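Worksheet: one structure, shown below.
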Amino acid sequence: MLDVNVFDELRIGLATADDIRRWSKGEVKKPETINYRTLKPEKDGLFCERIFGPTRDWECACGKYKRVRYKGIICERCGVEVTKSKVRRERMGHIELAAPVTHIWYFKGVPSRLGYLLDLAPKDLDLIIYFGANIITSVDEEARHSDQSTLEAEMLLEKKDVEADAESEIAERAEKLEEDLAELEAAGAKADARRKVQNAAEKEMQHIRERAEREIDRLEEIWQTFIKLAPKQMIRDEKLYDELVDRYEDYFTGGMGAESIQTLIRGFDLDAEAEELRTIINEGKGQKKMRALKRLKVVAAFQRSGNDPAGMVLNAIPVIPPELRPMVQLDGGRFATSDLNDLYRRVINRNNRLKRMIELGAPEIIVNNEKRMLQESVDALFDNGRRGRPVTGPGNRPLKSLSDLLKGKQGRFRQNLLGKRVDYSGRSVIIVGPQLRLHECGLPKLMALELFKPFVMKRLVENEYAQNIKSAKRMVERQRPEVWDVLEEAISEHPVMLNRAPTLHRLGIQAFEPVLVEGKAIQLHPLACEAFNADFDGDQMAVHLPLSAEAQAEARILMLASNNILSPASGKPLAMPRLDMVTGLYYLTLKKSPEEFGGQGAYQPADENGPEKGVYSSYAEAIMAYDRGVLGLQAPVRIRLDHLRPPAELENELFPEGWNQGDTWLAETTLGRVMFNEILPWNYPYLEGIMVRKGGGADKIMLGDVVNDLAARYPMITVAQTMDKMKDAGFYWSTRSGVTIAMSDVLVLPNKDEILDRYEAAARQIETKYNRGKLTGRERYDRLVELWKDATDEVGQAVEDIYPDDNPIPMIVKSGAAGNMRQIWTLAGMKGMVVNSKGDYITRPIKTSFREGLTVLEYFNNSHGSRKGLADTALRTADSGYLTRRLVDVAQDVIVRVEDCGTRQGVRVPVAAEVLDATGAVSGYTRHDLIETSVSGRVLAGDATNAEGEVILAAGSDLTELNIDLLVEAGIQQVKVRSVLTCQTPTGVCAKCYGKSMASGKQVDIGEAVGIVAAQSIGEPGTQLTMRTFHQGGVGGDITGGLPRVQELFEARVPKNLAPIASADGVIHLEDEGNFYTLTLVPDDGSDNVVYDKLSKRQGLASIRVPMEHNPAAFIERTLAEGDHVTVGTRLLRGAAAPHDVLEVLGRRGVEQHLIDEVQAVYRAQGVAIHDKHIEIIIRQMLRRGTVIESGSTEFLPGSLVDLSEAKLANSEAIANGGQPAELRSEIMGITKASLATESWLSAASFQETTRVLTDAAINKRSDKLIGLKENVIIGKLIPAGTGISRYRNISIKPTEAARNAAYSIPTYGESIYGDDGFGEFTGASVPLDEAF
């Protein structure tokens, strides 16, 4: 057996008949499977034990040899080898065919490889192979030439004979006619009768003449055909062929069926053909050249690979092992069998019948028919349904052939190799576990016992609770009390992995430390929900157990939930407080006036009535006052603090040297805000403001910003602890805030009718004008839509104004916990305009709110939008999943392979934006809007210098937040950064060009699978976009841009509303041609004018930005007009430019920027942040190849697609050897096409078009170097990414116990004011990644 981990590449090729016979253990001669009485396999049949091995371990078929001691003996009675029955999964047989057959993949695939090789049209091939026409395989030119005069003389003689025969026949007939006429005359017949006889005779003589002529023509045709006879000539006329064979069989050979094809292939000279084709390519033009190119691809493939083309015609076919096409007995005594057995049986039956007929010497026509049937049965076995009607089984179901076993989602590749099931796993419903730490999950006791069974059994024996494993197993099954104690020990320090389907990004599977819980539901930490996109309405999750020490270490260090707080897509925190927690923190940090509840005991300055009130000497004193009920949680007070760091401005003012713990300062704040700051690390600057999740403003602090800042300043462990404290505080205070929703909280607008009456009157006016013909239908529609939108807005504003701040509904919205103001308008104001099935607004709005209830008509109008939202979601979720699959496939081999590729190239990105004062002059600089997604986390490619030329940051510096601020201060508007688009690493990318990992905030590790992370980062929000449409009230919220636009871009398709682009800088001239414009571009450089005709008026001309006349610093937008000056690459119509056009006009960098901007535009419109580097990785894969224009002295074929890095190597080799380099043109490929063009045939075959990819790979004898992830998963090796790359594989360390304890020690969280709340004690945290251990 092969050791699975020892080979480096996997090659696929064409098998010859000898190979097939060599693999085989014997010939299958009979179509029988098993004996119906004994149920034993039949001898020489499809399940024969002599060929495939014994059905029982160490036992021959007749029972003479039993037991392992006879291992390897071949029984002399039944001929079966005594061995394990497992060999029936690996031993192959074969069928010797009585006549050769072609392999359907090579003949029927598109393009037909056989057709290209032999230069035959697929239609003709079909006729030959299926016995519809004859083909000449060889002609003895010399013999024909030397005997030509003799043969010609013979032919002339034959013609003369035919003529002479005809003449004599005609003479006889004339004689007979004379006799007949004489008789008639003697009998006194009338002239009429005599004429009849004469006419009949003349007709007969005419027939004789015509027959002779036909025969002579036929002879002439036979002779002419014979003289011009050439190999590969088809003769469809069977009689003509028979005549040729009868007369001249010594001078040529020919025939029909696969046999003649085989003869042609055997006599085929690859080298000569390749030479000839190259000549045609160099000298020819047009169609001829194109065909030669296509043919050369196939011919050169055989030439290069050393494959024997005869392998495309089979003399023997392999029979796969019987265990892979099993026959199983069902309950009713009937048998179920794999379709392959049926297909093999047909082949064997027809083959045996053909053998018998050949032996009996049956007529050729019968033999040919049987050969055709054999060919069809082999076709059905290899690829059923590829040609003609598929072979069907019972119930008219097409049988599954060998090709069908590989294809599609249910095929071998995707179902069994890439989609394996996993042992040591379980699944259950999830419920919330608010008492858990961030790195913990609650595991049901029963599930844990089953998962950890082997560990528990081992410990039971070790701790001497059980004598042996068997009794330990019994103890576990009976759930003895001591089992639970041992289980506690077994699960400690042993992380488990939780996964929620659909796993859209890498945070869909994370590791947690299990905590045993009662019940049968898994408990999930509330902060982990966002990453899993989980909620507790019946979602289920799967649990997986890492077994080996390495797997456990990996789960704990790389996958622990507390180490995965940041999103790999944008670097923003995902484990954020949400929903109740946000409400709780919002309530905790509110500020109220003394009159309101919670505002009692507020600060009052000293006056004549006494000293100041609401001042506390310490936090403890304030807590005491709160406990007594004197002080409200949200009352503005002054508290002297010494254990919290003051805000930055205050610190600079009070403690110029810097604040130290113990230094006191007076905080003007509320007790709630001090409590919130208690949660944060002690040296984090004090936060004074209301905590909200979204919608900032004065006195409001975004929780996201806080978590972001924490993640940047502190180690992950501190962030995780702080997040947990936030969660506890959030739940604690949201419970105590009493925020609930009841019908009575939805306040109804008292003056709503008055507002609506006003708008009703205006609507009636519009209708009247329309009825009088003063408005067109379109104007009426536009005005009514505008009017009712204003009405909805006015009612909405009025609703917002009547809600007091302490009403729970605005509290939930303002804190950013859930919902938005629009939803409150719908609840309490009015729903407004809705859309009909055509997508137009219905001009009667929904005037009622949900609180009042809709009328029947309004309900009906509303139903369409709601349904469309749900239907769209279902459809687009599937679309998004498919997009993710294609993205993953195209980028799966992009792995960080080296530290630095050493390039000085890069791309320019914006850093600072100018701030203009009232006069339009630059008054300063601010951070550019796109810094988050395009600049942060990169490495400088060149020095960043200011206007004076001073170097602010040297090349190679990381663009951290601090460094970016330096650049903005210096007024540097653009910098050149390293990018994967310009990375010079031949396979994968280098760490410097990639920059920092968004998920860790540190430079990316070598071995990181950045390609897959990129694909997930783009695909995951794709699903989010598609899932989040219906929240915006049905149809109004749909985006056509959305997913279809992203797909269009990544597939590099011509967009739906195509806009041509200017191919040069120049001035435009417009001509109106009715429904179209003709636009002429006059280039500035004086080159030829470019004419764009048939530009649709409906699409409309593009808009351009032009400076205002009186203020050139300001710009206005207007549509293109006569005489406008445009720059290269400007769109000329509204719509989108085609990526191929952009590549042609603006070059590689232009199309890269175009794609990034367009993709980002779609995501930004949805408020989704994705870093540019992820999109860049996909674009790099799309632009990896080029078309060979001139091959120079390289091996490349003109017109073929080659990898640019490969071409670079080949060119440098050619130049070094004094040859000519190849000329290439950059190509942009859609992601599907790029995936299929990948070097790895395993990866391409498992993606799409499996049979086509394998056919191609086999002809080229492709070798898969196993550098991507997919290939290695398929063959069951560790993936070459992460800890699977060789530099991490070949180390062995054994830490001491002390080191292990230090590394895995779990610090406690210390005391907390929420500790005694019945939520349980808190211990546990993540592994501190920052310690070098």
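Cβ coordinates are placed from backbone N, Cα and C, and glycine is handled just like the others.
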>> Looking at Zn(2+) 2 binding as recorded in Swiss-Prot, which candidate out of C529, C983 goes with C901, C990, C993?
In response: C983
> Taking DSSP three-state, what's C993 (Zn(2+) 2 binding site) in: helix, strand or coil?
Replying inline: helix
> Across all chains shown, how many C-beta atoms besides its own are within 10 angstroms of the C-beta of D535 (Mg(2+) binding site)?
Replying inline: 11
>> Using only C-alpha positions, which one of D535, D537, D539, C990, C993 is spatially nearest C62 (Zn(2+) 1 binding site)? These are the binding-site residues in the record.
In response: D539
> Around the Mg(2+) site (D535, D537, D539), what further same-chain residues have their C-beta within 8 angstroms of the site's C-beta centre?
Replying inline: I430, A534, F536, G538
> Just the number: how many Å between the Cα atoms of C901 (Zn(2+) 2 binding site) and D535 (Mg(2+) binding site)?
Replying inline: 44
> For D537 (Mg(2+) binding site), which of the binding-site residues C60, C75, C78, C983 has the nearest Cα in space?
Replying inline: C983
>> Using the CB centroid of C901, C983, C990, C993 as the Zn(2+) 2 site centre, which other residues of the same chain sit with their CB within 8 A?
In response: V898, D900, T903, R978, V980, T982, Q984, T985, V989, A991, K992, Y994
> For the binding-site residues C62, C983, C993, which one has its C-beta crowded by the most other C-beta atoms within 10 angstroms?
Replying inline: C993
> Given the recorded Zn(2+) 1 site (C60, C62, C75, C78), which additional residues of the same chain have their Cβ within 8 Å of the Cβ centre, ordered by sequence?
Replying inline: A61, G63, K64, Y65, E76, R77, G79, V80
> How many other Cβ atoms are found within 10 Å of the Cβ atom of C60 (Zn(2+) 1 binding site), counting all protein chains shown?
Replying inline: 24
> Just the number: how many Å between the Cα atoms of C990 (Zn(2+) 2 binding site) and D535 (Mg(2+) binding site)?
Replying inline: 39
